[in-house]
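Colleague: Here you go, one structure.
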Amino acid sequence: MASKKREVQLQSVVNSQNLWDEMLLNKGLTVIDVYQAWCGPCKAVQALFRKLKNELNEDELLHFVVAEADSIVTLQPFRDKCEPVFLFSLNGKIIAKIQGANAPLINRKVIALIDEEKKIAAGEMARPQYVEIPLVDSLDEEYGEVHYESNVEVYNMAVINPDAVLMRKNLEIKEKITKEGFIIEIQENMLLPEEVAREFYNHMIDEPDFEEFVYSMTNRLSCVLIISQGEDTEVIEEEALPQSDDEEEPDPLEEPHVRFAPMLVKKKRDSLQEYMDRQHMSDYCHVEDDAVKVSKFIDILFPDFKTMKSTNVQRTLGLLYPEVCEEEKDNVLDIIQNEGFTILMQRQVVLSEEEARAVCHVHEDEDYFDNLIGYMCSNNSYILVLMREHSVERWKELIGPKTVEEAYASHPDSLCVRFASGNFPVNQFYGSSSKAAAETEIEHFFPPQSTLALIKPHVSHKERMEILKAIRDARFELTQMKEMHLTPEHASKVYFKITGKDFYKNVLDVLSSGMSVVMILTKWNAVGEWRRMMGPVDPEEAKLLSPNSLRARYGIDVLRNAVHGASNMSEAATAISNVFTESNFEN
């Protein structure tokens, strides 16, 4: 009887719609065992629930309930099912479901959600936007008996480990993920913060080398991916067609012949983890699919991501025709910034004939087209990468229609009208036609470039982290990174241009004093941008001429000037090839 009493105290009984509605008023987490009247609640997990209740000791935050599907209208989809179902209600919202008595999974889910609630209550984190799931049985979903749409995007997070990044396996893994139809929403090579590494790999906590593993993940470069499921694939299946009444009866001794008709159906894609397992990529990449945990990791690692997704922040390519570029560029740039655009990249360029034809293709049927192309190919245009919410549409709206005549009639306040030219009756501005077109055009006009960068041994760990943050803030992609002791042999692969100089021995003395961080940094004009960030070679001169540069902030003298970078693209390519080769991976 004592055991029976403990079970009643452990799990409240909900056997009517009114009691269900009252239960949803619970604060915190309520774990609901959905059961059938004929078989009763799942006894296999009651010991786990008791253990969680005792160990977590959070009576105000953690509640356990048994709910009879037969008596509750809301639970109708779960009636007459044999497999146990556990629902997780967080402050009245059903956010997760587990099919079957999967005790380890239930345990992880409860602990993670309670930990979230504690941190929220303590003001240590903002409440994530929890996903409310529809109450649909998994079999119904599989066979299409119930259909629903969710406007809430659910993400997985994948971390490709440092060894795989160093061997460039991350490129292969990303290609396979996208070819399967998954969408990589954001990707970045980074050092994992310790709190993220410990929680993300919490399943390994009992491994004897866990602390060593955490150190590796927080001091070596991993590739972090935030991935959405993408659309389910459409496949053609064949459906049997009934024979018509007037067809001859088949010979009973013959094999029956059934006619099939093609039918387009949606095939549910495997989960990301299942796909990774099937492709034998799990040794290189770990996946987290718990929506609550992924939401938390996104808040820590990519704090702007949710805002950018919800407001549809995007990039577009803008172009100023030569006459505007020469005479009105500064005025136009002021207008662009006043309209809320951020100018990410900009350059002056003379278009090739192919580029000019692509930009001016809307005028190709006009008599003046050839003259326009000649004009575009003989003078400087100004190209920009612009960012804001709905950037593609907003920029096209700002610049107006393709001709001055149309603009006067429908968009008199557009840039087309304000900066109309007498040479050609066309809009003196260009914008990408779509988000996809924008990304293609941006990569064409602002192709990524890589340079070799080095943080010298005298820079402290704290300062090193600050430099890495500055690199990230400057929108460099940290393509590769490794910590190296630059012996004379290794140093000559980086400083090959000065090995014959008198001062080279002094350089070797500085480099041999400790560990350096060697990196490949990638972005458009990477060589020039990194040299600008570094500042003048002498830190004292840097403090006068470029006080915010890295050498001004972290340099001590000419030799210990904090950072180093290639002087030009040729030097960068040679140094990268020297340092980041397969023979050096084990350094």
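Every residue, even glycine, has its Cβ placed from backbone N, Cα and C.
Since the structure is predicted, the reported quantities are computational estimates derived from the model, not experimental observations.
I grabbed these lines from Swiss-Prot:
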DISULFID  Cys39-Cys42  disulfide bond
DOMAIN    2-119  domain 'Thioredoxin'
REGION    157-255  region 'NDK'
REGION    313-453  region 'NDK'
REGION    454-587  region 'NDK'
Colleague: For the disulfide-bonded residues listed here, Cys39, Cys42, which shows the highest count of neighbouring CB atoms within 10 A?
Modeller: Cys42
Colleague: How many of the residues that make up the domain 'Thioredoxin' (2-119) does DSSP mark as helix, as strand and as coil?
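Modeller: The breakdown for the domain 'Thioredoxin' (2-119) reads 56 helix, 30 strand, 32 coil.
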Colleague: Under the DSSP assignment, what numbers of helix, strand and coil residues are found in the region 'NDK' (313-453)?
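Modeller: When I sort the residues of the region 'NDK' (313-453) into the three classes, I find 65 helix, 35 strand, 41 coil.
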